[in-house]
Amino acid sequence: MDGIVSVFPSKTLQLQTTRSWDFMGFPETVKREPTVESDMIIGVLDNGIWPESDMFDDKSFGPPPKKWKGGACKGGQNFTCNNKIIGARYYSGINTTREYQLGHGTHMASIAAGNLVVGASFDGLAKGNVRGAVPSARIAAYRVCHYPWPCNEADILAAFDDAIADGVDIILTGATYGFAFDFAEDAVAIGAFHAMEKGILTAVPTGNMGPKPASTVVVAPWILTVAGSSIDRPFIDKAILGDGTTLVGDAVNPFTMKGNKFPLSYGKTNASYPCSELASRQCSLFCLDENLVKGKILLCDNFRGDVETFRVGALGSIQPASTIMSHPTPFPTVILKMEDFERVKLYINSTEKPQVHILRSMAIKDDAAPVVHPFSGRGPSKITPDIIKPDISAPAVQILAAYTGGWGPSNHPMDHRFVKYNILSGTSIASAFAAGAAAYVRSFHPDWSPSSIKSALMTTALLMNGTVNRGREFDYGSGHIDPVKATNPGLVYEVLEGDYIKMLCGMGYSVNKIRLISGDNSSCPEGTSIATKDLNLPSIAAQVEVHNPFSIKFLRTVTNVGLANTTYKAEVKTTSIDVKINVTPDALSFESVNDKKSFVVTVDGAILQANHTVSASLLWSDGTHNVRSPIVVYTNQEFAST
């Protein structure tokens with residue numbers, strides 16, 4: 001039919017789910033442009049929103065910005081918009097934008113644009129002031145997911161179209177795939193391309209499929225793909241065994257046992273018929289006998305053993321750690337690293353009447369932060385191996401933010417507590433921080449393109465520890481986000497719609513396939529295509545063949561957004577002896593703002609072995625601004641850094 005751009009099967013997507021802003025050097029007193037910020041609109045494509053949260057109160061807000069084109073609230077059953085949440089829509093299989101379960105969309109929206117609330121906490125944990133990046137900004141909520149069912153691509157695409165038409169400034173979605181798809185079959189990539197065409201940047205998480213290489217699931221270069229890292233205020237809890245041994249664990253556990261020790265028992269000795277020993281050891285669902293577990297704390301071999309132990313009425317549980325994020329628990333729980341978990345097993349097996357006392361969680365200081373969490377998706381991209389993904393890292397572990405009032409904080413159906421705030425983890429949270437930071441930058445530079453905002457966030461990012469984060473740039477991209485520095489980057493690497501089309505041509509996409517993505521009559525005139533390595537991104541990368549010498553040239557162009565009559569000098573930093581890197585010219589002089597200058601980076605190397613990665617960086621500095629780009633050359637997806 002006329003007007004149909006593309007038809008492909010609708011796949012399903014998954015949701016990837018305070019101290020944080022201060023940790024990033026972004027205090028409450030940060031400089032703002034209040035009038036412009038109040039006109040900012042962040043579109044959140046997720047599981048809905050809980051409008052009664054204090055972080056979405058509209059008492060200090062005027063009417064919606066004049067640029068808002070979304071009209072009347074379309075939030076559906078039992079949902080009312082206000083001057084903070086100015087728009088709401090829902091899609092197939094749902095009758096409301098209200099988020100009753102999970103709290104994922106509410107949490108993300110509040111991180112990006114929630115109001116300042118004094119004295120917030122999760123049952124006394126993480127007590128303090130909670131806020132979004134742009135508290136004066138407005139929110140438009142698009143409910144494309146209906147937990148516990150997965151999100152639908154058809155709804156994602158419809159929501160992108162609606163958000164673009166409604167006039168949002170930034171799009172945030174926590175819905176990603178289980179693995180990466182070709183751009184022409186990726187609803188998020190297609191929707192984000194259309195948003196980019198209209199001047200809207202889309203922030204998306206890497207997904208929670210890490211730490212294996214090539215596990216980042218959204219890799220289109222016109223998207224800001226965000227990895228998840230820790231902050232310097234993790235929560236720990238402790239288990240004190242009957243013999244006095246104290247073991248430190250990881251859980252968000254607000255419960256106290258008031259100093260009392262209780263019987264400790266292994267799951268397999270509390271089995272219900274006809275479950276196997278393996279299932280009962282893991283405390284699998286419906287495999288524990290509620291008459292046997294009463295008055296006991298259970299040891300379970302599965303990371304989510306607390307689901308069944310809570311269901312059958314045990315007093316608490318001890319579980320092994322996992323690459324999955326820690327989570328709020330419905331009753332006293334401690335999550336131990338495997339070595340300590342095995343010590344508890346030995347204690348049970350060698351003690352006639354084993355006992356344990358689980359302490360309430362407490363916050364500690366972690367000077368190693370930020371560190372990319374194991375759950376965070378890693379690069380490189382199998383679709384575009386010459387582009388570094390993720391782009392950047394942001395907080396994603398044990399983050400306090402607003403929560404739904406219709407669902408218990410542990411996500412357990414029998415957890416009937418109701419809280420205003422919850423502590424959650426996941427790369428979706430990182431993308432919410434990045435979306436908020438992008439909105440903050442845009443409030444200072446409303447005329448900047450999406451790629452300029454993305455460039456500013458990347459080139460000013462904090463360089464992270466490559467020893468702790470072994471995958472280095474394929475773990476964290478350009479580094480950890482710094483919203484304040486990003487407002488004054490000095491130089492930006494701008495990429496326009498036509499550049500992306502040329503890249504797709506260079507990747508061998510047919511004209512018809514490109515039009516599936518662009519939605520217009522884009523084409524590939526002879527001689528106009530470019531290699532993915534030469535797309536004008538603020539990061540530089542190439543995959544090379546094993547055991548072959550190489551010489552690679554990368555072309556880049558920067559735009560001066562800093563000072564007039566200034567000169568930037570290049571500095572290359574690397575500890576590797578495997579490559580030689582030259583920049584030509586090594587100085588760029590700008591007479592005025594918006595001047596553009598081009599340069600070439602040449603990387604020469606002899607022979608790289610299999611599973612090898614070389615990391616370096618290019619720094620342009622005028623004495624005031626430091627514009628840093630990572631340089632990565634690697635041989636394949638499983639790597640060891642030099």
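Going from the start of the chain as shown, residues are counted 1 onward.
Glycine residues also receive a Cβ, built from the backbone N, Cα and C atoms like all the rest.
Just so you know, TrEMBL annotations never went through curation; they're auto-generated.
Features of the protein shown, as given by TrEMBL:
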| type | residues | note |
| --- | --- | --- |
| ACT_SITE | ASP46 | active site, charge relay system |
| ACT_SITE | HIS104 | active site, charge relay system |
| ACT_SITE | SER428 | active site, charge relay system |
| DOMAIN | 39-477 | domain 'Peptidase S8/S53' |
| DOMAIN | 534-633 | domain 'Subtilisin-like protease fibronectin type-III' |
Summary of DSSP states over the domain 'Subtilisin-like protease fibronectin type-III' (534-633), given as helix, strand and coil counts:
1 helix, 61 strand, 38 coil
HIS104 (active site, charge relay system) and ASP46 (active site, charge relay system), Cα-Cα, nearest whole angstrom:
7
How long is the line from the C-alpha of HIS104 (active site, charge relay system) to the C-alpha of SER428 (active site, charge relay system), rounded to the nearest angstrom?
8
Arithmetic mean of per-residue pLDDT over the domain 'Peptidase S8/S53' (39-477):
95
Hey, what's the Cβ neighbour count for HIS104 (active site, charge relay system) at 10 Å?
27
Which listed residue (ASP46, SER428) has most other Cβ within 10 Å, given these are active-site residues:
SER428
